[in-house]
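Q: Pasting a structure here, questions to come.
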Amino acid sequence: MLFLWLYMFYSCAGSCAGLTTRGSPAPPRAAPPLLPGEPGEESSLEEQRAAPDAGSPISSFFNGSGTKRLPQAIIIGVKKGGTRALLEFLRVHPDVRAVGAEPHFFDRNYERGLAWYRDLMPRTLEGQITMEKTPSYFVTKEAPARISSMSKGTKLIVVVRDPVTRAISDYTQTLSKKPDIPTFESLTFKNRTTGLIDTSWSAIQIGIYAKHLENWLLYFPMGQILFVSGERLISDPAGELGRVQDFLGLKRIITDKHFYFNKTKGFPCLKKAEGSSKPHCLGKTKGRTHPDIDQEVVQRLRDFYRPFNMKFYQMTGQDFGWD
């Protein structure tokens with residue numbers, strides 16, 4: 001009897017172990033190495049445990065989420081140029097996944113580290129592009145070096161607009177939040193009598209595109225930067241989106257059929273936004289009515305920006321027609 005019991009015990013031990021091995025999930029893979037600049041092993045491992053296995057397409061299929069990746073493309077500028085419109089239009093593409101809010105990582109939150117930045121990103125499947133947009137990057141001196149340090153292959157998109165119109169739009173936005181600010185005219189000049197423009201005012205300074213671009217070209221070749229016309233993004237959104245899709249290596253899926261022109265707002269809207277079957281226009285904060293600006297001041301600004309615009313045209317090989 002004792003021998004029979006021992007025989008059954010050892011037989012079950014071998015077969016049950018095999019059943020357990022076959023029925024249990026495979027042991028977890030070794031955690032991937034830390035990314036350069038990530039703040040410490042403990043927080044990184046915590047993030048890796050939460051993330052699905054990047055090497056397993058079956059895992060991605062069943063959890064339907066994919067993997068969080070650092071962005072391969074960034075809309076780096078410019079403020080009040082049309083960056084929000086471009087991002088919303090691009091998100092219609094099934095192969096583009098983008099952060100909705102502006103992360104401000106490379107200007108305000110860099111000390112938090114790449115792990116923190118990556119955790120903000122949406123999950124993507126193989127073949128999809130991760131994107132973000134923060135318009136202040138273009139005018140942030142440290143941003144080019146920091147993005148290059150993350151990845152020298154990052155594709156950069158800059159939405160530019162007539163710098164005079166852009167400055168007025170910038171002022172209009174500030175005015176809506178602070179109604180008691182000085183007039184546009186008084187902020188434009190250091191001295192109204194001499195006509196000396198105050199380039200320390202950010203609304204003016206942002207529009208000196210050639211100056212900012214020089215800083216980016218120290219770290220990225222021109223072929224890695226796409227310049228989108230804010231004006232053409234309104235008059236021909238499908239045309240500009242075609243250029244962007246080509247630049248990103250995407251199939252041209254976003255076409256004329258995705259847009260309609262809203263006469264009230266004065267710019268194009270999506271017939272169907274991402275994840276919705278309803279038409280979508282940008283919010284109330286977009287398309288504000290600009291205040292009346294003294295035309296003499298407008299002309300002074302046009303004269304001021306002209307040489308910078310000409311240089312910008314030469315640098316980019318594009319004439320944006322602002323003069």
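Note that Cβ sites are derived from N, Cα and C of the backbone, with glycine treated the same way.
Just lifted these from TrEMBL, have a look:
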ACT_SITE  K80  active site, for sulfotransferase activity
BINDING   K80, G81, G82, T83, R84, R161, S169, K286, G287, R288, T289, H290  3'-phosphoadenylyl sulfate binding site
COMPBIAS  25-36  compositional bias 'Pro residues'
DISULFID  C269-C281  disulfide bond
DOMAIN    71-306  domain 'Sulfotransferase'
REGION    21-58  region 'Disordered'
SIGNAL    1-18  signal peptide
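I'd like to know what surrounds each of these features in this structure.
A: Within 10 Å of the C-beta of K80 (active site, for sulfotransferase activity) we count 23 further C-beta atoms, all protein chains included.
Over all protein chains present, the Cβ of T289 (3'-phosphoadenylyl sulfate binding site) has 7 other Cβ atoms lying within 10 Å.
Every protein chain shown contributes to the tally, and the Cβ of C281 (disulfide bond) ends up with 18 other Cβ atoms within 10 Å.
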Q: Report, in whole Å, the straight Cα-to-Cα distance of C281 (disulfide bond) from K80 (active site, for sulfotransferase activity).
A: 16
Q: How many other Cβ atoms are found within 10 Å of the Cβ atom of S169 (3'-phosphoadenylyl sulfate binding site), counting all protein chains shown?
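A: Neighbour count, Cβ to Cβ under the 10 Å cut-off: 22.
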Q: Quick one: give me the count of other CB atoms within 10 A of the CB of C269 (disulfide bond).
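A: 19, counting other Cβ atoms within 10 Å of C269 (disulfide bond).
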Q: Counting only residues 6+ away in sequence within the same chain, which have a CB under 8 Å from the CB of G82 (3'-phosphoadenylyl sulfate binding site)?
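A: Those within reach of G82 (3'-phosphoadenylyl sulfate binding site), by Cβ under 8 Å and sequence separation of 6 or more, are V159, R161, V228, G230, L233, I234.
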Q: Taking all residues of the domain 'Sulfotransferase' (71-306) together, what is their mean pLDDT?
A: 94
